[in-house]
Each structure stands twice: as C-alpha cells, then as structure tokens.
Amino acid sequence: MERRNMNIIRKVLIQFGVICLLVAAAANTGYAQIFTDVKSDSKLNEELTVLNNLGGVIQSPNGTFRADDPITRYEVAEFIVRTLQIDLEMSAIPSYLDIPAEDPRMPVIATITELGMMTGYEGKFIPDAKLTRAQAVKILAPAFHLSGQTTIPYSDITKNHSAATAIEALVANKIVFPAKNEKFNPSDMMTRGNFISYLARIVEPSLRPTEPEQPVFQSCVKEEAKKRYVVDVAVTNLWNKPNQARAVDYPSTKNPVEMQKWISSLSLSQKKWLVGRTDTQALYGDEVTLLETKGKWQRIAAKDQYVPYLKAGYPGWVPQSHVVATNKNYDDCAIAIVTVDKTNLLEKDAKTKYLQISYATILPVIDETAKYYYVETPGDGVKLLKKSAAKSHTSYSEVPKPTATTIINEAKRYLDLPYLWAGTSSWGYDCSGILYAVFRTHGIMIPRDSFYQATGGKAIAKKNLKAGDLVFFAYNGDKGKVYHVGLYIGDGKMLHAPHYASKVKIESMNNGVYKKNYSGARRYL
C-alpha cells in the first residue's frame, strides 16, 4: 500500500508540474462567461476559466457558481482532485460511516483520503460540513506542497495559530497579498469564491496578486433563510398610492435616483401637488417590510419610522426597483452614520464614485482603515465611506445621546434649504422630517410625523421650555389636529421648515398664526 501511495503522490507532483506549464501557456487569452452570476470581465471569471480548462470546475453558462456561499468539505475535495486530474479509479474505498461505497461522491472522497490530504472525524467524512477559512487553507497549502517563511501580516493570526504555517505559505507564495491592517478572519466560513481564487493562483502564477486586494469581509455577517428587504437607492419617496408619479417625477422613481435634478426641476405648483400624495421617504440601506406588490410598485413599511397603526413601520408605495432582497443579516456589525450633508460612497480604488448618499444614512461597517470605513451596500457588496463623512458606533443603541446644542447646530446646517413635502433626506425636508433626521443621526428615533412626535417624549409646559424641545401647532387655535412642529432654540424662537413655498428658517413662535395655534411641547433629550 505504501508503494501504491508513493506512486500516486509522484503522479500528482508530475501532473501538477505539467498543469502549471499548460496553464501558463494558455494565459493572457480572452475569457467567456462561465457562470451567469460571475461577470465575464471579473477576476473570478478568469480564475474559474483557468480551472475549467483543467477540469477542476465544470462550466455551466446557464447555471450559477454561488461565489459567496460557504464551501463544504466535499467541494474542497472535488476541486482539488479534479484540478490535479487524478485518476479516481485507483484509490481504495475507505470505510466511512456516513458515505456508502456506492455514493457517487465516493471516488473523490476515496482519492483525497488515500492521498492523505483530508481525513474523517470519528469514522465519518462529513461531506456537507462547511469549512472555516483556517480549516480550508490547512488543507489547501499542504495539498500543493506550498511552503515558505515570511512575516504573517494578518493582525488576527499569531505564530501559534493552528493555521499559521499554511497562511504563511500562502503569503510567501503570493497566493494572498494582505492589505495593511487586514484580518484573515480564520473562524469565518471560507467562501467558494475565495477558495477558487486561491486554488487558481496556485496552479497559475500569473494570477497571483501584485498589490493588496480588497479584504475578505465576513466577520459580522450572518446568512439566514429569511429574506430582508432594504432600500437600494439614495432616497425613495413613499407614495400613498401606486402609479401616481408624474413624468416630472421620473428622476425620483428610476434607479439610481437623481434627487437634486428632480427637486430643481419642480415648480412651486408641482411641489404643492405632492402634498397628500407622498407621505415620507426612506434612505439608502434602511430596512423595510414588504407588504404587497402591484405591478412595478411595492407597498413597504419603513421599519425605523414609527406609526401607531402599523407595527411594521411607516407604509407607502415605492418603485419595485428601489428595494432589494437579501439573506444577509448585519445585526452584529458596527454601523456608520453619515454626519455630513451628502457624501459619495467610493469603489475599491478610493477614487471612483459609486453613489451619493444623504445625511443620516446608516450602513453596516465590515472593517475600516485609517481613512475609510468598509460599508456593506444593500445590493452591490462592500464600498468605501470616508471617515470624515461619518461616525461609527458598535450598535445604534450605543450612539451617544446628544446635547441640545448639538441638535440645534446640526439643524442650523440646513437653514435656507428649500422645503420638500414628506422629505427626510438632505435634498429637502418637511417640518418633521428635518427633526427626525437630526435626532436619528444622534441615536434617538423619534416618530416620523409631527402629530405622532407630539405624543412622545416628555410633555413640557410653555413656561418651562428649553432649547432643544420640540414645539407643536394645531389647527383652529389648538383645537384641531397637530399639523406643524419646530425646534425651540430659545428666546421665543424656533427653527422650522414652514411649507412647500418656503425654506428652513428661524423665526418667532410667539407671533401671528404660531402664537394662535401653539399646541404644546415635548422633550426628547
């Protein structure tokens, strides 16, 4: 048996040398799309093509590769054995309790076992078990006899770590090229895409990176069966009925939206028309509940906007393209809250603009460098957010509570910003929207509408008003429904967004209609 194993191993080494030569000779060619979910011009498609040419990956132009899925023990075994082009009929059948001899996976499992590259646990192979990143590289590096000594740059890998030797070999052979302060995240699941990248770089040296890559971000992410729905545009209007949008509203209903173009194009009469037709807005990354679908429109509920009549949140209709479904759960991730008027998310190169987002946008943080947060987008992976444009917190509940001065100064930044009915973004606010946004940015989720804001917090008598309190106004000399809210700043003055034909301004609350309709005050600080 020892002689047989030596012959097989010798054959593996010979084949590996031939493979490298064949692959190198085939390098620098064009690449067709191998799988529908891997773009033809992507690095991963190039790597898959190399392995497809070796038989390590089977091309499926109409199928998916599922690059982000965790890799299983059997998948690792199959990718390695088929890439090495080993004769699967030569190996003795092992006696695993969970894999019968007639199982179609047995030839691969028998081969990987006989080569000593993988073994079982307590008599079982456990083919469907998912591998951590540490477990996967501990199989991969020895399988291809990778070795080498170098400094391990990963901050979370010590010399005594069980995977240190394997990771050191990957670094020494430039299979991986860690960025500064990058973590290896050894306990995270190894994805199919990452494993394939490492495998392809081993057999084809020209694929090996020559500069730091985008770090692997999986540490705080959880995959779950339940779908979550997230806003996938900078800001979306929630309409009270579907299909109400006019031609002039198109910049706000397409994806990506062009909010400044839309607002700048509206006449006063066109702005007034929105009253009673749009109810609120939701920002990029906001989680929503999907209530129903009608044609190209979906009725959603904005989770973080309280209304007493619907537990799911503030309801309204949005274009279907404005919401994306995901199975990723980021509840364990830190968050970044945008604190500037607007900012651009950037691509990996830190130069190319991806999307402009609003003040008060909240996104999950996957990692960070000295200048950037790596934030997860709703539907397009990780992007860069300048640290100068946002503040990070371990969770929303840990956001430090603001002082009245902070709230007032934040709101003053939007003085002279034109009013927008139902607005909650820095492209335009209504009276309650500006207060909702400012408080939200500082860790306090007050209700969205003025008449609900008037029921929360602590009731304050007019004689006891303090700067930072919210002041309310009701129709018919305080006998009707609350219709307006302002931020009290002291000396009988308030900051507010009065109406569709006005701008955010500061004025006395003790004159004219405001004196007549004063309805009370609430303190949220």
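Please read every residue number as a count from 1 along the shown chain.
Quick reminder: no glycine exception, Cβ is built from N, Cα and C everywhere.
Residues or ranges marked as signal peptide in TrEMBL: 1-32.
If you look up TrEMBL, you'll see 31-94 (among others) marked as domain 'SLH'.
Here TrEMBL flags 150-213 (among others) as domain 'SLH'.
For 401-525, the entry in TrEMBL reads domain 'NlpC/P60'. This prediction places the mean pLDDT of the domain 'NlpC/P60' (401-525) at 97.
Look at the domain 'NlpC/P60' (401-525): DSSP puts its residues at 37 helix, 38 strand, 50 coil. Secondary structure counts, DSSP: the domain 'SLH' (31-94) has 23 helix, 4 strand, 37 coil.
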